[in-house]
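Visitor: Before anything else, here's the structure in question.
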Amino acid sequence: MKILSYLLVYRRFLLIVLTPLLLLPLPLIIKTKEAECAYTLFVVAIFWLTEALPLAVSALIPAFMFPLFGIMGSKEVASAYFKDFHLLLIGVICLATSIEKWNFHKRVALRMVMLVGVNPAWLMLGFMVSCAFLSMWLSNTSAAAMVMPIVEAVAQQIIRAEAEADALEMPCSNGSINPALELDENIGECESSDWKEKEKQVNGYDNNVGSTVCITEKENEKEKEQQNLPPAETGRKSREDKYSGIFKVMCLCVAYSATIGGLTTITGTSTNLIFAEHFNTRYPGCQCINFGSWFILSIPITVVILLLSWVWLQWLFLGFDFKNMFKCGKKKTAREEASAQVIREEYKKLGPMSYPEIVTLVLFILMTLLWFTREPGFIPGWSSLFPKYKGYATDSTTALVIGLLFFIIPAKTFSRTSNGENTVFGYTPLITWKEFQSCMPWEIAILVGGGFALADGCEVSKLSEWVASKLAPLGSLPLWLVILISCLIVTSVTEVASNPATITIFLPILSPLAEAIHVNPLFILIPATLCTSFAFLLPVANPANAIVFSYGHLTVMDMVKAGLGINIIGVAVVMLAIMTWIVPIFDLYTYPSWAPNIPSTNSTGL
């Protein structure tokens, strides 16, 4: 047993040491550049999937292995670690930093929830829409972390109001327990986890998120004794189940909408950015992937998945009551009054919009408009004002220009005293470099750079050509089946590996696959990229899930049960989209001139 305990403790160290040693026969026996590149790829992929080393550290392995194997020079490899993607990321993070610093995100979330009303179903939809909207512009993790405290406060107030109403309706005699008092105790137990623990779970090695769940032995005993409860206790248990369902559905709607919203924009999640940079680097002749084109193809997908997810979660945990959902002119319940009160109070605390919030909003709108109008497609965009430098300006150009303004525009204006004199404040910009650094995901930046280095190594060593030749027989399968298989594989892997690592591994494989079967690469790459974000099953599948799970209202089975349905919905909607409305946007049934013309044995049925 001691040996097993030692192995368990040092499993990461053993994996780090044994993986390169066990794979070493590959380059030693075959002795080709393809085998040497494959060796590097396998080592990095295993480290990424198992997270034996931090993702960014594993991403640095090609920087020294490729020069040692003679695949690429050190200067060539180094240039792969900083691309146009990183400039775009810097500009977006400047915007996100200002939004978080000046609390603009909270105002947006509360305002959206106030617009949809306080009926439980509509309240849930309001949180989903607001969280998804924030996730379009911020990281999924940040969106979930911002909205979840608001949801927690609203849900707790709903429970307290309903518990008090139930206590008034039923007499608390004959030794019966006041559910409102007992509820406060349960809520208190679940408030013990703090933000430091959540950050440790999301960013560190400790993926055992279940340690923060407020499930005690007492609750397990209650489940065992449920069958023998007297009628009064049975009624109390049913009310507790109802309260638990409210907490569960509120938590899950935040976790899932944060992920779904990130699909909408090219900057919404790191997987979209990685895809865009990989695609534009591999196929420089195609300028079809930009902010506007991605938004057009993905917004219907996001809306449909969000609505179906809302219906699914509502039905699964609370039941779908159409009569109560669409009732008009009826008196609000205690739950609805409590929700409205909490949201109104939270919004009042924010006060009127401050000067920094207004400037942030203006710059946000300006950045979005410049992204959409650079090359809209149906009319000439602002990039046509520079005909001599066509293709020079990209989405990162806009992001950097607006991002720079956040460091220049002052955060405070002059204010007049009673004497009519201006009060002078010290000059402080909207954001500082330290604040930017605290928000910048450097791990993702290095991880993506490692992925680009691996992709370049596969091209130089001819490994990608070898893979393409081996994948050519898949051309005999129907196209929809090839796409479905790739989507299911990516969706399965992303449940146990990080989303950026998954997409970085699969893009260099799926691109040669599309070329080998003589199919427009976008036909396979777009659905695979979207499905990489479908990490809904487990708390450790992505940081947004971990943050929500750490509040203690969910069990792993709750997330598995709900996430399986969302996964099925997501893959089905993506398949529907790629076979219908996305086809005319990119003329997918035509093999493009910008893709390599590889001799093919393709008999794919379109």
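Backbone N, Cα and C define each Cβ position, glycine as well.
The transmembrane segment annotation in TrEMBL covers 12-30, 42-69, 81-99, 119-138, 246-274, 294-317, 354-372, 392-409, 479-510, 522-541, 562-586. Per TrEMBL, region 'Disordered' is recorded for 219-238.
So where do these features actually land, and what's packed around them?
Guide: Same-chain residues lying 6 or more positions outside the transmembrane segment (12-30) and placing a CB less than 8 Å from one of its CB atoms are 36, 38-39, 42-43, 46-47, 50, 52-53, 69, 205.
Counting residues 6+ beyond its ends, the transmembrane segment (42-69) has Cβ neighbours under 8 Å at 12, 15-16, 19-20, 23, 26-27, 33, 36, 77-78, 81, 205, 207, 442-443, 446-451, 453-454, 457, 493, 496-498, 500-501, 504-505 in the same chain.
Here the transmembrane segment (246-274) has Cβ contacts under 8 Å with residues 85, 88-89, 92, 120, 124, 127-129, 131-137, 139-141, 143-144, 147-148, 151-152, 154-155, 158-159, 289-291, 294-295, 298-299, 301-302, 305-306, 309-310, 313-314, 316-318, 395, 399, 441, 444, 448, 451, 499-500, 502-504, 507, 529-530, 532-536, 542, 544-545, 547-549, 551, 553-554, 558-559, 562-563, 566, 570 of the same chain, all six or more residues outside its ends.
Long-range neighbours of the transmembrane segment (354-372) within the same chain, counting only residues 6 or more positions beyond its ends whose Cβ lies under 8 Å from a Cβ of the stretch, are 91, 95, 98-99, 101-104, 107, 137, 290-292, 295, 382, 395, 398-399, 401-402, 405-406, 409, 411-413, 430.
Listed by sequence, the residues of this chain that lie at least six past the ends of the transmembrane segment (479-510) yet keep a Cβ under 8 A from its Cβ atoms are 45, 48-49, 51, 55, 269-271, 274-275, 278, 444, 447-448, 450-451, 454-455, 458, 464, 467, 517, 519, 521, 523-525, 527-529, 531-535, 537-538, 541-542, 567, 570-571, 574-575, 578-579, 604-606.
Residues 207, 209-210, 255-256, 259-260, 262-263, 269, 271-272, 275, 279, 288-289, 297-298, 301, 479, 482-483, 486-488, 490-491, 494-496, 499, 502-503, 506-507, 510-511, 513-514, 549, 554, 556, 559-560, 562-564, 566-567, 570-571, 574-575, 577-578, 582, 586, 588 of the same chain sit 6 or more residues outside the transmembrane segment (522-541) yet have a Cβ under 8 Å from a Cβ within it.
Listed as Cβ neighbours of the transmembrane segment (562-586) (distance under 8 Å, sequence separation of 6 or more from its ends, same chain) are residues 252, 256, 260, 288, 293, 296-297, 300-301, 304-305, 308-309, 312-313, 316-317, 480, 483-484, 487-488, 491, 520, 522-523, 526-527, 530-531, 534, 536-538, 541.
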Visitor: Counting CB pairs under 8 Å, which listed stretch among 81-99, 119-138, 294-317 touches the transmembrane segment (392-409) the most?
Guide: 81-99
Visitor: What residues in the same chain, six or more past the boundaries of the transmembrane segment (81-99), come closer than 8 Å to it by Cβ-Cβ distance?
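Guide: Tertiary neighbours of the transmembrane segment (81-99) are 63, 105, 137-139, 142, 267, 273-274, 276-277, 280-281, 356, 360, 363-364, 367, 394-396, 398-404, 406-407, 430-431, 435-436, 438-441, 444-446, 448-450, 452-453.
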